[in-house]
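For 2-140, 163-411, the entry in TrEMBL reads domain 'G-protein coupled receptors family 1 profile'. If you look up TrEMBL, you'll see 21-39, 59-81, 101-124, 157-175, 182-200, 220-242, 262-285, 323-343, 363-381, 393-413 marked as transmembrane segment.
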Amino acid sequence: LGNTIVMAVIIMDHNLRTPKYVAVFNLAFVDLFGSSALVPKVLDIFLFNHYHVPYYDCLVMVFFCYTCLSMQSLNLVILCYDRLMAITYPLHYQMRITNRFMFNLIAFAWVFAIIAVLIAVGLLTRLSYCRSVVVKSYFCDHGQIYKLACNDKTPNMVIEGLGNTIVMAVIILDHNLRTPKYVAVFNLAFVDLFGSSALVPKVLDIFLFNHYHVPYYDCLVMFFFCYTCLSMQSLNLVILCYDRLMAITYPLHYQMRITNRFMFNLIAFAWVFAIIAVLIAVGLLTRLSYCRSVVVKSYFCDHGQIYKLACNDKTPNMVIGGLFPFLLVWLPLAFIVLSYSFIGQALSKIATKNERVKAFKTCTAHLSLVALYFLPILVTFTMSSRINLNARIINLSMASVFPPMLNPIIYVLQTQEIKES
């Protein structure tokens, strides 16, 4: 009833036939359509204990539920873009954001969502289920379905890493984005995708299926990949910060100093540094003996939580445990803070307000990523003695999981070149 009233009001009132309310109408329609696809079966399960659903009905449910969930997300992006244009370009808003433009934008979102979900559903139809057909969810959930398969499910897993893949594809395909800055952005997207692939599957396995055990060598491998990617996220933010520092404080020398070759060398050095640092930490873990407990109080194979369980001499591990955060968290953060103090000074010397705002806007995406990555870590480390174990786990998991999820969204919304591309 609620969404139907919203739709009816927009149709009946001519004053509401504007681009913004075209998007609002679409959101109400998506909500109504999505609820109609999802709620009846949910009520059937919880009220009447009818847990079974035929296979093809399940695939149809996947299609409609995921299309509507995707459209909710994309519609919020469209509404956000409408507000962005209305507030940042008020004089050009009515000329740029027309009803026709909004209809085209919404139509593109529908086509994109439908094609993406059809690919996911199509990949489900090639799977065989020989062990279990019990979906551990309240509806036909894509991840829970493909994980039950006993033949190759790699394509189904790949479809889930889409956000960062799109950012990487845009940078590769658009020649205008083959600049030092976007070489670093590409590397950040790759690190996010790689890091999520190393961390998220086991995290989901723990929290959804209560599979708390991990073999010792698998734990060390997980530790290596997770810490390498977490370290590279930090170092990549430093590289992007250095790029902005040079662009704003030395604009005339920027293109001569910051070349693609220089950026590739800088990123290669960061990778080598991170890999060597993490390999030393892994090597020091292998010399430890565990005679009291093998319960790691974390959501993944966390360095500090592993070496603290050892009963032989763990002094080298404690040293690397103190050095690791200094080199890969506190030093990068100090560099970023110092760089932005220089950037602030450089901005204050720019004569006109419009030019200052324009220069500062090139830093907003980076500042958002810095806040997303460092704030949960800062809270955890500064309050480690007073913070509850579960709160610590939640904070660190936010630092591990949220940046890779939100980075592509931030770069699409806050970077003009990527939006145009």
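A Cβ is built for glycine as well, from the same backbone N, Cα and C atoms used for every other residue.
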Positions on the same chain near the transmembrane segment (182-200), where near means CB under 8 A and six or more residues out: 161, 164-165, 167-168, 171-172, 222, 225-226, 229-230, 232-233, 236-237, 239-240, 243, 260, 263-264, 267, 300, 369, 400-401, 403-405, 407-408, 411, 415, 417
Taken over the domain 'G-protein coupled receptors family 1 profile' (2-140), the model's mean pLDDT: 88
Recorded stretch, among 59-81, 101-124, 262-285, maximising Cβ pairs under 8 Å relative to the transmembrane segment (220-242): 262-285
Proximity verdict for the transmembrane segment (21-39) and the transmembrane segment (262-285), three or more C-beta pairs under 8 Å: no
Per-state residue totals over the domain 'G-protein coupled receptors family 1 profile' (2-140) - DSSP helix, strand, coil: 108 helix, 0 strand, 31 coil
